[in-house]
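> Pasting in a structure now, in structure tokens, and then I'll have a few things to ask.
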């Protein structure tokens with residue numbers, strides 16, 4: 001008898017061990033798959049952000065339209081967020097995440113497809129009708145009393161080239177691909193977090209969530225490194241002879257291999273989807289048990305009485321839920337602390353979203369840095385500063401057990417640092433370049449009041465130049481000219497590197513003592529003073545990134561503490577919806593429209609319509625961009641002051657229900673911080 005009991009115990013122990021091993025292995029596989037999907041998610045998101053300027057140039061569109069394309073991700077996300085939030089927990093979560101990753105990858109690949117159907121990139125459309133010929137032999141010189149065949153009028157360009165550019169609306173595919181990526185990314189975070197929270201060992205959820213978010217951070221670094229590499233590559237690499245390409249990555253017309261980034265991220269996303277289709281709905285149950293449960297469920301649902309009862313109960317349940325939803329929504333919208341919180345976080349995050357979207361354009365126009373260099377420094381310096389700042393902020397909150405007032409003060413410090421950094425940037429704005437025909441007269445002797453319709457000078461009036469051309473050359477006098485023809489250059493060194501133009505009459509007007517009236521291809525570089533400002537600018541960016549990330553961690557905890565526990569999920573969801581709709585969608589559009597107002601020279605596409613901007617007034621651009629950011633951040637300080645005042649007033653009054661449970665929700669708040677941290681990271685990683 002004893003031996004029989006011993007054998008039974010041994011068998012039960014072995015069975016228990018097998019179940020634990022099966023559960024552990026299934027959960028570990030899910031954790032590994034989710035970590036990989038976080039890497040894919042981060043890769044796709046950052047590739048889009050750092051490619052937006054290149055997309056703008058490739059498709060010859062304005063910054064505001066490029067901002068709309070960037071915001072299409074949030075549009076896609078909003079289309080399905082309600083469906084995923086409601087039905088996600090009732091369906092097979094791993095498979096739903098796998099479908100999301102598959103859609104995310106498909107969207108990224110769709111985004112890259114226009115590259116293969118648009119033909120070769122023509123960076124000099126005004127002077128070059130054949131898209132396969134970007135060689136230096138097509139550069140226009142000044143031929144007095146003669147009309148160059150290459151200097152065609154706009155009507156000739158339209159007649160011969162407009163039909164060839166029938167793919168000018170291919171940006172719509174980029175829009176749709178980015179929207180599809182937004183749809184696909186929706187289930188990854190909420191369903192992944194809930195799965196971990198349901199099946200992780202008690203007390204281990206925070207550790208697992210931290211691990212997943214760290215993997216997401218590595219994806220961000222990887223994305224910036226890839227972006228830096230692809231930005232160096234010419235867009236048509238592998239299709240054209242690169243020795244004939246006369247522009248460099250510092251040229252405002254340069255377009256890197258933007259499509260490669262989307263191809264890579266798309267493939268990675270599709271690969272990341274595969275493991276989820278082989279994971280169980282519940283890692284605690286073996287396959288046989290799940291099949292039996294499913295069979296019993298089918299038998300029950302075949303019972304007509306049960307169906308009628310279930311239908312009646314379901315109607316009551318839905319009615320109760322709808323009524324409860326609107327009551328809950330009314331409750332959070334009549335909570336003054338929550339309303340103030342939503343407004344100031346929207347304003348604060350809008351500033352970060354604008355910076356992330358347009359930082360490459362800003363640095364390029366202000367300091368002449370290439371996109372490749374900017375991406376590299378962001379990935380190596382700014383992004384780690386954000387990561388360290390966020391973990392430091394979480395540590396400070398937990399170590400000092402900050403109250404609601406303490407969290408608000410931490411957020412106030414973050415906003416103050418960000419505001420001061422924007423004010424400092426005003427002193428780091430470089431003067432606009434000296435460009436004949438835009439900021440100076442063509443002879444280079446006098447500034448102009450407006451860059452519109454600057455009259456020709458006697459040094460180039462007989463050259464029969466096309467004033468719409470943008471083929472900049474830098475004269476020995478330090479002035480940039482719109483083209484060799486408008487500089488009055490009579491000859492060139494041909495295809496030899498570097499390309500030099502000689503006998504430039506507009507350069508001669510300045511009266512150089514060495515009589516070397518020449519110009520070389522490309523815009524004139526920034527002076528040493530501006531270069532020094534660029535280094536100071538980036539140091540402030542990194543410090544701002546760290547200090548602001550420390551404060552931004554308080555937002556994830558604040559949203560939990562200011563509402564009742566049962567309204568937490570709704571409060572977070574509504575806040576996320578506002579951030580996406582009014583922040584993620586609108587901010588790139590209205591900041592892009594503001595940037596467009598500072599453009600001095602627009603390209604003209606083959607149909608005679610306005611294309612992408614070639615050069616901005618860097619002074620006006622800096623003032624407008626940083627000025628709008630200051631206008632967004634200053635009200636944040638005012639609202640945070642009001643927030644702190646209201647909290648203190650409540651803490652001394654009778655209504656202390658919101659504050660009573662602060663200590664009890666600390667662990668839960670830290671868990672939610674790990675859940676929501678990726679929502680704040682992309683908006684701050686360049687700061």
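Note that Cβ sites are derived from N, Cα and C of the backbone, with glycine treated the same way.
Given the structure is predicted, the values throughout are model-derived calculations rather than measurements.
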> In Swiss-Prot, which of these is labelled N-linked glycosylation site: 310, 516, 675?
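Checking Swiss-Prot against 310, 516, 675, the N-linked glycosylation site entry points to 516.
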> Quick one: sort out which of 9-29, 30-50 is the transmembrane segment according to Swiss-Prot.
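Spelled out, Swiss-Prot records transmembrane segment over residues 30-50, not the other listed ranges.
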> Quick check on the annotations: Swiss-Prot lists transmembrane segment for one of 238-258, 259-279, 280-300. Which range is it?
259-279
> According to Swiss-Prot, which stretch among 540-560, 603-623 corresponds to the feature transmembrane segment?
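The listed stretch tagged transmembrane segment in Swiss-Prot is 540-560.
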> Can you tell me how far the Cα of residue 459 (disulfide bond) sits from the Cα of residue 617 (N-linked glycosylation site), in Å?
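Here the two Cα atoms lie 25 Å apart.
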> For the topological domain 'Extracellular' (51-63), find every same-chain residue at least 6 residues outside the stretch whose CB is under 8 Å from a CB in it, and list them.
69-70, 114-115, 118, 121, 168, 170-171, 174, 227, 231, 235, 252-256, 258, 261-262, 357-358, 360-361, 364, 371, 588, 591-593, 595-596, 603, 605, 610-613
> For residue 506 (disulfide bond) and residue 465 (disulfide bond), what Cα-Cα distance in Å is obtained after rounding to a whole number?
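With distance taken Cα to Cα, residue 465 (disulfide bond) is 13 Å from residue 506 (disulfide bond).
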> So among 474, 489, 503, 617, all listed as recorded positions, which is physically nearest to residue 465 (disulfide bond)? Use the C-alpha atoms.
489
> May I ask you to report the DSSP-based helix, strand or coil state of residue 503 (N-linked glycosylation site)?
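It is coil.
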> Which residue, out of the disulfide-bonded residues 465, 485, 489, 506, shows the minimum number of other Cβ atoms inside 10 Å of its Cβ in this structure?
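Counting other Cβ atoms within 10 Å of each of the disulfide-bonded residues 465, 485, 489, 506, the minimum falls on 465.
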